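To start, the structure under review is shown below, and the notes come after it.
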Amino acid sequence: MIDNNFKSGYVSVVGRPNVGKSTLLNAIIGEKISAISSKPQTTRQNITFIHTDDDSQIIFLDTPGIQRPKNKLGEFMLTESKESIDEADVITYIVDTSKRIGKAERSIIDILKEYEGKLPIILLINKVDTIKKDELLEIISMYAKEEIFNEIIPISAMKNDGVDIYIETLKKYLKPGPMYYPEDMITDKNERFIVAEIIREKGLRYLNEEVPHGLAISIEKFKKREDKNIYDIEANIYVERDSHKGILIGKSGSMLKRIGTEAREDAEKLLDAKVNLQIWVKVEKNWRERDNLVKRFGYDK
Ligand code: GDP
Ligand code: MG
Ligand code: K
C-alpha cells in the first residue's frame, strides 16, 4: 500500500567548522556516530544520517564544512560539501551565536545565495544556551536582513533544545516520497568506517593543536571471531611528523593507551561485542599535501 502522506527527502547540513553540525546530527539520531570534538575539521567526509518516524524519513548529509581550501584535503572537503548541497531537497545552514557575520559566514552565505528560490534554506542558530534572549533577537535580525532564509530557528544541539521544532519544520518542506532506507537504519556508513572515526575522535580529543589535523586512521584488520562475540581490530594512526609520533604515544605509551582504551569501549558499544583493539602509530610525511595518500586514507570515492 502506498502511503500518500509519507514524506521523505535529503537535507544538506552546511556550516563553518565547530558550529555544532555533528552534535546536532548525533542529537537527532541519538547515537554517537559522527566524530565530535572542540577542534575544527573533525568531519572530513559526508556522513549520511537517517531519521525515520511515523510519517517521514529524513536523510541528513553532514558536510565537512565550506571554507577556502589550504591543501589537497581541503580541496576534497570543499567539493564534498558542494556535492552534498546539489543532492539536497532542503538546505540547513547552521551558525553559532557570534554577534557579527565573519568572513567564513559571508563566504557560505554567498554560496547559498545561488540556491535562493531553488531550494528552501533553513537557518539554525545553535548554542543559544550560551546567550541571553535580547542577544538572540539581535542575531536573528542580523541574519534576517540577508533575506535568503525561509526559516530561522534557535536551537541548542547540546541540550537537545529546539531540535524537535527543527524536525517538524523540515517536514513542512519535504514532499511526499518513499522510504529510501529500512526504518531501523541510522547511517549508510559501515562499522569499519565508524570505528576509524571513533579512534580519530579520541586522538583529536587528547592531542594539542598541531597534531590533530594531520591524523589519519587506516583499519588494517576488522574481523569477528567465528565462534565468539569478539572482534579483532587493528588500526594504524598516521601522523605527519616524527615529533608528532612521540606526542601521540606519550610518556611510556600513556597517551596511546588512553586513546586505545576509550576507543575500544566506544567500539564495544557500537558493535555490541567484545573488542580486541591494537593500534600502531606511523609517520607519513605531509600526507595532506599528497594526493595519493589523501585518497588512500579514504578521502576519495
Ligand atoms: P562541527 O564541526 O560543526 O561538526 O561541530 P561539533 O558538533 O564538532 O561541535 C563543536 C563544539 O561545539 C563541540 O565542543 C561541541 O560540544 C560544542 N557544541 C555543539 N553544540 C553546542 C550547543 O548547543 N551549545 C554549546 N554550548 N556547545 C555546543
Ligand atoms: Mg563535524
Ligand atoms: K568539530
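Here the Cβ of each residue, glycine as well, is placed from N, Cα and C on the backbone.
Record features (TrEMBL):
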type    : residues              : note
BINDING : 15-22, 62-66, 126-129 : GTP binding site
DOMAIN  : 7-176                 : domain 'Era-type G'
DOMAIN  : 207-285               : domain 'KH type-2'
REGION  : 15-22                 : region 'G1'
REGION  : 41-45                 : region 'G2'
REGION  : 62-65                 : region 'G3'
REGION  : 126-129               : region 'G4'
*asked:* Test of understanding: give the count of other CB atoms lying within 10 angstroms of the CB of Val128 (GTP binding site).
replied: 22
*Report, as numbers and ranges, which residues of the same chain sit near the region 'G4' (126-129): CB under 8 Å and 6 or more residues beyond its ends.*
19-20, 23-24, 94-97, 136, 154-159, 161-162
*Could you list, ordered by sequence, which of these binding-site residues: Asn18, Lys21, Val128, have a Cβ under 6 Å from ligand 1?*
Asn18, Lys21
*For Asn18 (GTP binding site), name the DSSP secondary structure in the helix/strand/coil scheme.*
coil
*Which binding-site residues out of Gly15, Asn18, Lys21, Val128 lie by ligand 2, going by a Cβ under 6 Å?*
Lys21
*Looking only at the domain 'Era-type G' (7-176), what is the mean pLDDT?*
85
*May I ask which of the binding-site residues Gly15, Asn18, Lys21, Val128 have a CB within less than 6 Å of any atom of ligand 3, listed in sequence order?*
Asn18
